[in-house]
């Protein structure tokens, strides 16, 4: 079977799943994993885990993960007029909300809607140039009143996702909602396909995780069951090749996988990852040996599950691979199929390494300690 990066990515992008509502994506991931993996399970929180490679109890355990959920909204109140008030789930870009088309997961099926905006003809002053506060926004589904909205299947708690089906742009770029992080999910499936018939010296656990966009900790139950020796996350990172960001960093689309040196959220002390130098060397050496382009990144304002994984159990060495993405958390994110394919190649090369090539121990550079 030939793995198609574009077809797989587009099929995942057409699915909807805000944090806590990832089941449609999880079903696809689980079914795909079950075709070749030695063991597959879904935990009570919704994480999907697949095991490949060595069955030995003392085998080095590499965990590779990406999150299934996307940013979106949830209905907070149905107005008597039938318009819907809502809250953000995760961090969708508020500046892009007015005028956006959305999909609501109604009780009887999906319902289309749009986020209303004051008629430009009647807008005055800042109303014409500044995005309204969240409590000034509403969703219009065409309901004539509250009872009509309820008959259409809407209730408090109805999940809402941005609507923008995937499109191809020039130079192997794609535009869609939810590239964060269906790119990573696609990478997991690409690695799964590559490992299906390959004997490995290590145990590889591929994890499609939940609730990253909401609390960044949905993957924690998996760690405590798998107990990995090393974890590598796959996520997007802001591409800085647009006119507004080109002076900020050199990370750009179509120039390879990003290797995170540093990321953090908030003011730097809340959570983040400083990748151990020995892991940076391992990633860059492996990429060089396999002619895979990579680019280093320092990304303040970005955080992934690695910020919390690293302090679990006895400490878990972590690294992050990033796929550069323009217009993050908007309805129209843009990323490169080439970069995604390179990410799959690098992860596959890592999975095929021998245990001795993984620098687990910080003092000696040794591999994992013998398991009790």
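Cβ from N, Cα, C; glycine included.
Noted in Swiss-Prot for the protein shown:
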| type | residues | note |
| --- | --- | --- |
| ACT_SITE | 212 | active site, proton acceptor |
| BINDING | 67, 180, 235 | divalent metal cation 1 binding site |
| BINDING | 180, 213, 329 | divalent metal cation 2 binding site |
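Cβ crowding, taken as the number of other Cβ atoms within 10 Å, peaks at 67 among the binding-site residues 67, 329.
Rounded to a whole number, the distance between the Cα atoms of residue 329 (divalent metal cation 2 binding site) and residue 235 (divalent metal cation 1 binding site) is 12 Å. For the pair residue 212 (active site, proton acceptor) and residue 67 (divalent metal cation 1 binding site), the Cα-Cα distance reads 6 Å.
Taken residue by residue with DSSP, residue 180 (divalent metal cation 1 binding site) is part of a helix. Neighbours of the divalent metal cation 2 site: apart from 180, 213, 329, residues of the same chain with C-beta atoms within 8 angstroms of the site's C-beta centroid are 70, 71, 90, 91, 92, 178, 181, 236, 328. Comparing residue 329 (divalent metal cation 2 binding site) with residue 180 (divalent metal cation 1 binding site), their Cα atoms are 7 Å apart once rounded.
The CA atom of residue 67 (divalent metal cation 1 binding site) is located 8 Å away from the CA atom of residue 213 (divalent metal cation 2 binding site). According to DSSP, residue 235 (divalent metal cation 1 binding site) sits within a strand segment. Apart from 67, 180, 235, the divalent metal cation 1 site neighbourhood in this chain, defined by C-beta within 8 angstroms of the site C-beta centre, holds 66, 181, 183, 184, 212, 213, 234, 236, 304.
With respect to their backbone Cα atoms, residue 180 (divalent metal cation 1 binding site) and residue 213 (divalent metal cation 2 binding site) stand 9 Å from each other. If you draw a 10 Å sphere around the CB of residue 235 (divalent metal cation 1 binding site), it holds 26 other CB atoms from the protein chains shown.
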